[in-house]
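S.K.: My structure is below; once you've seen it, I'll send some questions.
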Amino acid sequence: MNQEAAFRHLLLMLQLVMLPAVTPVREVVLGKAGDAVELPCQTSQKKNIHFNWRDSSMVQILGNQGSFWTVGSSRLKHRVESKKNLWDQGSFPLVIKDLEVADSGIYFCDTDKRQEVELLVFNLTAKWDSGSSSGSSNIRLLQGQQLTLTLENPSGSSPSVQWKGPGNKSKHGGQNLSLSWPELQDGGTWTCIISQSQKTVEFNINVLVLAFQKVSNTFYAREGDQVEFSFPLSFEDENLVGELRWQAQGASSSLLWISFTLENRKLSMKEAHAPLKLQMKESLPLRFTLPQVLSRYAGSGILTLNLAKGTLYQEVNLVVMRANSSQNNLTCEVLGPTSPELTLSLNLKEQAAKVSKQQKLVWVVDPEGGTWQCLLSDKDKVLLASSLNVSSPVVIKSWPKFLAITLGGILGLLLLIGLCVFCCVKCWRRRRQAERMSQIKRLLSEKKTCQCSHRIQKTCSLI
């Protein structure tokens with residue numbers, strides 16, 4: 001009896017020793033919350049046989065009866081199915097839809113043998129100042145709003161997490177990635193790569209930062225010219241209300257230049273400062289045209305855009321160049337906010353600069369004759385240029401004498417013409433008078449002749 005008990009004990013020990021060798025290999029499958037996943041179940045027999053899927057509590061999830069599947073009473077009963085077209089090949093996958101992190105666990109597939117599959121479901125959530133998202137692949141936030149991406153993983157798992165931002169730049173953040181002040185360049189596709197048990201799953205989130213595009217916010221124009229203010233945006237399909245308020249250089253308060261709306265990608269002007277005659281196009285990008293720039297417009301403004309998610313601000317600067325020439329002076333100045341790195345210069349065309357200063361006003365006394373150029377430059381880049389034609393100084397200095405000579409000549413000519421006219425009139429009057437005297441003498445002569453003839457005839461008749 002003791003020998004029989006000892007034999008049974010030995011047999012039990014042998015079974016325990018051999019148990020790890022027959023334990024089925026557990027396959028690991030990674031899934032993403034909200035997606036569908038397929039748990040494999042493969043048999044060596046290439047035909048349709050009976051199978052059953054069970055959870056870790058041995059509750060039936062899904063099985064088959066011939067060519068039909070049957071659904072058990074598990075909590076997954078409304079989210080599971082299988083692929084019948086694979087049954088005849090000895091494959092009986094379990095498809096779980098609309099995955100949740102709570103679906104993570106061990107699943108058993110019973111066929112001619114038992115197979116184990118471990119499902120690990122991960123979820124990526126995003127939170128920012130004006131909202132939150134779970135499982136969404138598209139996020140919109142204003143520039144400057146803090147964004148936090150958090151990975152939710154099943155209990156007991158220890159995945160390796162790697163973050164990659166736009167431009168394939170790697171970020172190290174562990175289970176959380178925080179962008180405290182997202183800029184325009186942070187917009188794009190962010191990828192979270194999760195690795196566990198030599199399996200990998202990725203989350204891709206498209207982040208759109210609602211902001212002004214990175215372009216210069218300083219505009220340069222010559223007095224009298226037209227200038228166009230352009231403000232390209234990183235978005236087109238957001239409705240908004242905006243306005244541009246302007247504070248001229250030296251002014252104590254700002255003035256509303258224009259207000260507008262953007263609805264369904266169409267811009268409409270609400271109000272505008274009439275003297276400016278500002279023009280705005282109906283289509284994006286956002287553009288304002290000032291037909292004629294005056295020096296008093298030089299200054300700074302604030303463009304405000306009110307969106308449903310918040311407010312965007314953009315500073316705007318206008319620099320105006322004014323060039324003048326007088327009899328003895330040539331001046332050039334710029335008005336408005338300028339950087340101290342800019343250089344204002346005056347020089348004759350195709351010659352070295354006569355005056356070049358890091359100031360807002362330059363001038364030349366008694367400038368040489370020719371074409372002068374006023375240049376506002378940022379190192380080798382010319383931002384503004386204006387040309388002035390100056391007459392030769394010799395001509396300018398002799399101008400009074402030339403004017404006196406010219407006026408004297410004109411006056412002498414007028415006197416000569418007057419004298420000639422006077423002489424001509426006098427001669428004409430003398431000639432007229434002579435003609436009249438000659439006519440009178442002729443008439444008198446004819447009268448005397450007539451009288452003598454009459455007297456002779458009378459004497460003859462008396463005789």
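Note: Cβ is positioned from N, Cα and C throughout, glycine not excepted.
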S.K.: Taking C41 as one end of a disulfide recorded in Swiss-Prot, give the other end from among C109, C192.
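M.R.: Looking through C109, C192, the record in Swiss-Prot gives C109 as the partner of C41.
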S.K.: Measure from the CA atom of C332 (disulfide bond) to the CA atom of C41 (disulfide bond) and give the result in Å, rounded to a whole number.
M.R.: 85
S.K.: I need the CA-to-CA distance for C374 (disulfide bond) versus S438 (phosphoserine), whole Å please.
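M.R.: That comes out at 81 Å between the alpha carbons.
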S.K.: Out of C109, S438, S445, which of these recorded positions is nearest C332 (disulfide bond) by C-alpha distance?
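M.R.: The smallest Cα gap between C332 (disulfide bond) and any of the recorded positions is with S438.
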S.K.: If you draw a 10 Å sphere around the Cβ of C332 (disulfide bond), how many other Cβ atoms fall inside it, taking every protein chain shown into account?
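M.R.: Around the Cβ of C332 (disulfide bond), 26 other Cβ atoms lie within 10 Å.
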S.K.: Report, in whole Å, the straight Cα-to-Cα distance of C109 (disulfide bond) from S438 (phosphoserine).
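M.R.: Counting only the Cα atoms, the answer is 156 Å.
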S.K.: How many Å lie between the Cα of S445 (phosphoserine) and the Cα of C109 (disulfide bond)?
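M.R.: The Cα atom of S445 (phosphoserine) is 165 Å away from the Cα atom of C109 (disulfide bond).
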